[in-house]
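K.L.:
One structure follows; several queries about it will come next.
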Amino acid sequence: MAEEIKNLHPKPAGLVLQYGTAGFRTNANQLDHIMFRMGLLAALRSKKTKATIGVMVTASHNPEEDNGVKLVDPMGEMLTATWEGFATQLANTEQEELLTALKDIVKKEEINMNQEASVFVGKDTRYIILAHKQANTGKLKDGIHPLLSVYYGLVTTPQLHYMVCCKNTHGKYGDATLEGYYSKLCQAFLQLTKNASNRTDDQKHLCVDGANGIGALKVREMESHLKKELQISIFNDGSEGKLNHQCGADFVKVQQKPPTGIDMNSGDRCCSFDGDADRIVYYYTDSQGLFHLLDGDKIATLISTFLKELLVQAGLDLKIAVVQTAYANGSSTHYLENTMKVIVRCTKTGVKHLHHAAQEFDVGVYFEANGHGTVLFSKSAEEKLQQLAEATNINDERKKAALLLQSTVNIINQTVGDAISDMLLIEAILAIKGMTVQQWDAIYSDLPNRQLKVKVSDRRLIETTDAERRAVSPAGLQEAIDTLVKKYSQARSFVRPSGTEDVVRVYAEANTQESANALAHEVSLAVYRLAGGVGDEPKPLH
């Protein structure tokens, strides 16, 4: 086997790739060696943890010609930081050193090579994958052959995370099949919507933009389980458009407009998934034709409000918090802290930081503004809910709240952000509360904001603290930002270096769009002048 490993799927000379939160992502033609090596790494990770590991072949919201791969740890969570380092190291090792690099990992991690390995593999619908099905998954299989691998074929990223968790909890989390996933989520949805009174077909109707990706396929498969309690019209289902092209959650969030290929009337409730269905945003157009986006902040607010009310009703003293990043709109933070009296925790940007912070509470709700998020319940919180739901000596109101909370736990995919699971939860909450999408939108009004990028010679000059909300270097930058912010009403601004390119990202919000634009521009100038800007000076926004 050693000789075989040395010669299989050679690495292109000079190619350097980094394993990030989303795994590896790049042009599909450059991934041969990566697929093979990640198959090998998954096998080692499985032997190390004595558990099943997931390998998902996807590039999420990237363009169709890209592809990627990421590993899933035993509880359905993201790969640990140490092993992200191993992945990067293995990806960039020259062919003749590959065997040595693998042996180093085995030695460092004290891996018993006689331990059996178990790997679950899934992929999204990228035509590159389908065209190279034998190629890409074949390369993975070269890496994990002849191990105990289960090939799931076409699945959403969150579905693979779910399967891995089910397998490693020996079925406690659910049945590790697609049928098991649909049954668990849809039964919980039907239990929740029993508490909604006299819904009309219009109220049950939802338009879904599937981003021409895997999400559309899986919603179709799931539909029959919903027993017409949710009536879905699917657009951008992959039958003709290109994956993520002018559609999908990322397009809608960034462009602030509906996707192409969707047939929506004024007031229709609509949502968009991203390419691998781990993000979701909602939107509608009003009678004046104006577009209204309900992003991750609005979703977190709806869900946490619902959970807080149920916890109070159930008489359960559980600590609930919403975890946000600095990009969360100031209005949402203000509403959660001051109106809902919910703890708000701010973390660095990146799902793994949010997920980690959410684990510190009994109930942790986290969503990035881009629509990636979920809810985590601690073990003790789940046990308390279970006890209360089974108690016979409590009043009807507490019992009802406990049962609703139990169904809510079952509808949520706690392993990772999941567009399908989040959609079902949102739809159930709106139904129970008898709320329209317009009423949900009106919970609070977003402060106008603006995001800009400034090219710099070296992004490492910018260092931040306080969950990226304050700059500690270069000297004088934070003072300059503080002075500029004071000029405007309800204003704030922060800067942070990009994780991947020599660019500094600027965020500004204020009470009017004009002020937000002006503040963003002035802060960009400060960055350009104090942090080594390159190219032309940033121009004012008109």
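For all residues, glycine too, the Cβ spot is worked out from N, Cα and C.
According to TrEMBL, the record shows the following:
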DOMAIN    46-81  domain 'Alpha-D-phosphohexomutase alpha/beta/alpha'
BINDING   SER60, ASP274, ASP276, ASP278  Mg(2+) binding site
ACT_SITE  SER60  active site, phosphoserine intermediate
DOMAIN    176-281  domain 'Phosphoacetylglucosamine mutase AMG1'
DOMAIN    295-434  domain 'Phosphoacetylglucosamine mutase AMG1'
BINDING   GLU368, ALA369, ASN370, ARG496, PRO497, SER498, GLY499, THR500, ARG505  substrate binding site
DOMAIN    453-524  domain 'Alpha-D-phosphohexomutase C-terminal'
K.L.:
Give the mean pLDDT for the domain 'Alpha-D-phosphohexomutase C-terminal' (453-524) on the 0 to 100 scale.
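P.N.:
Residues in the domain 'Alpha-D-phosphohexomutase C-terminal' (453-524) carry a mean pLDDT of 95 in this prediction.
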K.L.:
Counting only residues 6+ away in sequence within the same chain, which have a CB under 8 Å from the CB of PRO497 (substrate binding site)?
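P.N.:
Counting only residues 6 or more apart in sequence, the Cβ neighbours of PRO497 (substrate binding site) under 8 Å are ARG459, ARG460, ILE462, THR464, VAL503, VAL504, ARG505.
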K.L.:
So among GLU368, ASN370, GLY499, all listed as binding-site residues, which is physically nearest to ASP274 (Mg(2+) binding site)? Use the C-alpha atoms.
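P.N.:
Of all the candidates listed, ASN370 is nearest in space.
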K.L.:
Which residues, given as numbers and ranges, are at least 6 beyond the ends of the domain 'Alpha-D-phosphohexomutase alpha/beta/alpha' (46-81) yet have a Cβ under 8 Å from it?
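P.N.:
Long-range Cβ neighbours of the domain 'Alpha-D-phosphohexomutase alpha/beta/alpha' (46-81): 19, 21-28, 31, 34-35, 38-39, 87, 109, 111-113, 115-124, 126-129, 136-137, 140, 144, 147, 155, 157, 160-165, 167-169, 173, 211, 214, 242-245, 248-250, 274-276, 278-279, 351-352, 355, 414-416.
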K.L.:
Among the binding-site residues ASP276, ASP278, GLU368, GLY499, ARG505, whose Cβ has the fewest other Cβ atoms within 10 Å?
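P.N.:
GLY499, out of the binding-site residues ASP276, ASP278, GLU368, GLY499, ARG505, has the fewest neighbouring Cβ atoms within 10 Å.
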K.L.:
What are the DSSP helix, strand and coil residue counts for the domain 'Phosphoacetylglucosamine mutase AMG1' (176-281)?
P.N.:
36 helix, 16 strand, 54 coil
K.L.:
Among the binding-site residues ASP274, ASN370, which residue has its Cβ surrounded by the fewest other Cβ atoms within 10 Å?
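P.N.:
Across ASP274, ASN370, these binding-site residues, the one with fewest Cβ atoms within 10 Å is ASN370.
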K.L.:
Roughly how many angstrom lie between the C-alpha atoms of ASN370 (substrate binding site) and ASP276 (Mg(2+) binding site)?
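P.N.:
A Cα-Cα distance of 14 Å.
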K.L.:
How big is the Cα-to-Cα gap, in Å, between ASP276 (Mg(2+) binding site) and GLU368 (substrate binding site)?
P.N.:
16
K.L.:
Which whole-number value in Å describes the distance between the Cα atoms of GLY499 (substrate binding site) and ASP278 (Mg(2+) binding site)?
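P.N.:
That comes out at 21 Å between the alpha carbons.
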K.L.:
Could you give me the DSSP helix, strand and coil counts for the domain 'Alpha-D-phosphohexomutase C-terminal' (453-524)?
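P.N.:
Result for the domain 'Alpha-D-phosphohexomutase C-terminal' (453-524), in helix, strand, coil order: 24 helix, 24 strand, 24 coil.
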K.L.:
Under the DSSP assignment, what numbers of helix, strand and coil residues are found in the domain 'Alpha-D-phosphohexomutase alpha/beta/alpha' (46-81)?
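P.N.:
Tallied per class, the domain 'Alpha-D-phosphohexomutase alpha/beta/alpha' (46-81) gives 5 helix, 14 strand, 17 coil.
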K.L.:
Sorry to bug you, but what's the C-alpha spacing from GLU368 (substrate binding site) to ASP278 (Mg(2+) binding site), rounded to the closest Å?
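P.N.:
On Cα coordinates alone, these residues lie 12 Å apart.
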